[in-house]
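Record features (Swiss-Prot):
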type	residues	note
TOPO_DOM	1-169	topological domain 'Cytoplasmic'
REGION	40-145	region 'Disordered'
COMPBIAS	40-49	compositional bias 'Basic and acidic residues'
MOD_RES	80	phosphoserine
MOD_RES	81	phosphoserine
MOD_RES	84	phosphothreonine
COMPBIAS	122-137	compositional bias 'Gly residues'
MOD_RES	127	phosphoserine
TRANSMEM	170-190	transmembrane segment
TRANSMEM	206-226	transmembrane segment
TOPO_DOM	227-233	topological domain 'Cytoplasmic'
TRANSMEM	234-254	transmembrane segment
TOPO_DOM	255-262	topological domain 'Extracellular'
TRANSMEM	263-283	transmembrane segment
TOPO_DOM	284-294	topological domain 'Cytoplasmic'
TRANSMEM	295-315	transmembrane segment
TOPO_DOM	316-334	topological domain 'Extracellular'
TRANSMEM	335-355	transmembrane segment
TOPO_DOM	356-447	topological domain 'Cytoplasmic'
MOD_RES	393	phosphoserine
TRANSMEM	448-468	transmembrane segment
TOPO_DOM	469-598	topological domain 'Extracellular'
MOD_RES	480	phosphotyrosine
CARBOHYD	498	N-linked glycosylation site
CARBOHYD	548	N-linked glycosylation site
CARBOHYD	573	N-linked glycosylation site
TRANSMEM	599-619	transmembrane segment
TOPO_DOM	620-626	topological domain 'Cytoplasmic'
TRANSMEM	627-647	transmembrane segment
TOPO_DOM	648-651	topological domain 'Extracellular'
TRANSMEM	652-672	transmembrane segment
TOPO_DOM	673-685	topological domain 'Cytoplasmic'
TRANSMEM	686-708	transmembrane segment
TOPO_DOM	709-712	topological domain 'Extracellular'
TRANSMEM	713-731	transmembrane segment
TOPO_DOM	732-742	topological domain 'Cytoplasmic'
């Protein structure tokens, strides 16, 4: 009996030993998997347990981990003392051995951060497990943020400026280029799309408006989310939304679906400007920030030039189209819409190779991720400069104390979409709270003044840049009307018309037994005329009307002479057979006017190149405020030259002049917006101000274009007053040149 009891006790003790050994090895393998980090940025591998044996079959090397006598006793006796119970001697590491990514909480007494600030067992400036009670939390976060700003600037200087920043520059430039393309797409396709989709004037106006509406919503939405979810992630999502719906819009046939796709395409691209500038600024040291953010602005100009060049090269080529029956038509303007999605697609592919902003990681307490990205920046630049041996010396980086914003979701909280709804509401509340913090007493004055500057700048710039082409078209129409030929009181009998009539007025004419076969009528008007025993076949017309005319025994076969083209006219015993299918509205289609739109836009966007270069070279020398105010004053002065624009060439020259001097103020405003707000509010504030910019653009376009053909005084007065007000407000803002990024 006793022998059986001893056997059972030995069996139980052996089972416990086996279980303990399995548990120990399982824990070690988990830790080993976590600590064996592949540094994807420097391509170096590190492992805490590189030389540790996983199995007793492979003895540890002579220089392996220290194993004390307690461990030998445990192996020999199968027991452990109270002093060593729960302690895994295999995890002891020699001093100086790599122990994974440096972490802020791993610093011991006497250790210091990169900027020299002491760090003793803290993370984000707070002791583990301790948080500042009550109102001390925000004060501590503010103090942490100030220390982080100084240290982050020091780290960026150590990382240097080189290949990494230039690579990111071109990647983000593609995203900014996509925004520049989006602004011009609808305006370029309207002359062609209006006939395919049979667009009335109100529909065309809504199509132009919907793009700005989508960009306004997208700027606010993605700007707010980028401060919570990350710059890179939100930019990838927003560009994906833009490219997907831009692709769909090139194939859809109906006006409603096309409008919907362009709306969502605008929502997607709306996040480009606020995220791109914030993202890039967080990789730039103070002495490089103003200049290189200004260089980045050039890609918006490149986007406009790309759109104008592609429209010029693609849309007039009718051979690039096909159709399947009468229901589906794919014309060349749809190819243009598809090509305009390429910058966004390429930006997505390139952005997947780039890391998240390390400043965003640090603001959200992710020390290890930030350290890895900064190490990548350092190693990339040092290798490019021929110094691969230089080691990234930073070991500890300040992080911001994180407030607990998590919500508890019970496991029985309905279905999965209800749980996602709760998370979405929580995220929305955080975004809204962050937006409201931009109006806190600390930032209220800056935000209100920036709203004024953004609104006035956008109101005048977009209003004038759209007013210029409209004025050019008006001058063309006036010149065209001045060359109209008038034929009064003509009498024509037994004549066949099979040629083109253009820009003519026929008054009091009489037409007997005449045939109009294969005739094209363009801007032709028949007034007080009589048509008797006439025959119209295969007639195509645009801007053609019959006013106060009489038709007797006349046949219309396969024509597009719809009812609205007969104004106060009588049709006696007349017949319409097999009218042409398609849009019954009178549209002009593509032609010389469309070419002029492409040409004017091409020159207008290309003209900002000198202003971009000058602003980039002087931004860090004269300061943001002087650049902004000076450019606004020059733009205001250039407005007064509009009174001399009495010809097409003069208006084109004035458009180029205004664009060239005003671009510097936009560059300065972008840099100023980035530097005035802290990292946790940067894209939120930028997105809100950019959304306000799009609202001002809609108002400016609506007001300025309403005066086309009426007066030039009102646009000159409105633009000058807005620019003067904006420059005066800008001078009251704080100068950010020479300051570290908050």
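Every residue gets a Cβ built from N, Cα and C, even glycine.
Not measured: the values here are computed from a predicted model.
Neighbours of residue 480 (phosphotyrosine), defined as other CB atoms within 10 A of its CB across all chains, total 14. Within its own chain, the transmembrane segment (448-468) is flanked in space by residues 600, 604, 628, 632, 635, 639, 651-652, 654-655, 658-659, 662, 665-666, 669, 672-673, 676, 685, 689-690, 692-697, 699-701, 703-705, 707-708, 715, 718-719, 722-723, 725-726, 729-730, 732-733, which lie at least six positions past its ends and keep a Cβ under 8 Å from the stretch. Proximity of the transmembrane segment (295-315) to the transmembrane segment (170-190) is established through 3 or more Cβ-Cβ distances under 8 Å for residue pairs spaced 6 or more apart. Nonlocal intrachain contacts for the transmembrane segment (627-647), taken as residues 6+ away from its ends with a CB within less than 8 angstroms of a stretch CB, comprise 453, 457, 460, 464, 471, 475, 611, 615, 618-619, 654, 657-658, 661-665, 667-669, 672, 712-713, 715-716, 719-720, 723-724, 726-727, 730-731. In summary, the transmembrane segment (335-355) does not lie against the transmembrane segment (713-731): fewer than three C-beta pairs, each 6 or more positions apart in sequence, are under 8 Å. Taking the Cβ of residue 548 (N-linked glycosylation site) as reference, residues of its chain lying under 8 Å away and at least six apart in sequence are, in sequence order, 527, 528, 567, 568, 569. Between the transmembrane segment (206-226) and the transmembrane segment (686-708), three or more CB pairs separated by 6 or more residues in sequence fall under 8 Å, so the two stretches touch. Ranked by Cα separation from the residue listed as 'phosphotyrosine', the recorded positions 393, 498, 573 are led by 498.
Long-range C-beta contacts of residue 498 (N-linked glycosylation site), restricted to its own chain and to partners at least six residues apart, with a cutoff below 8 Å, comprise 517, 518, 519.
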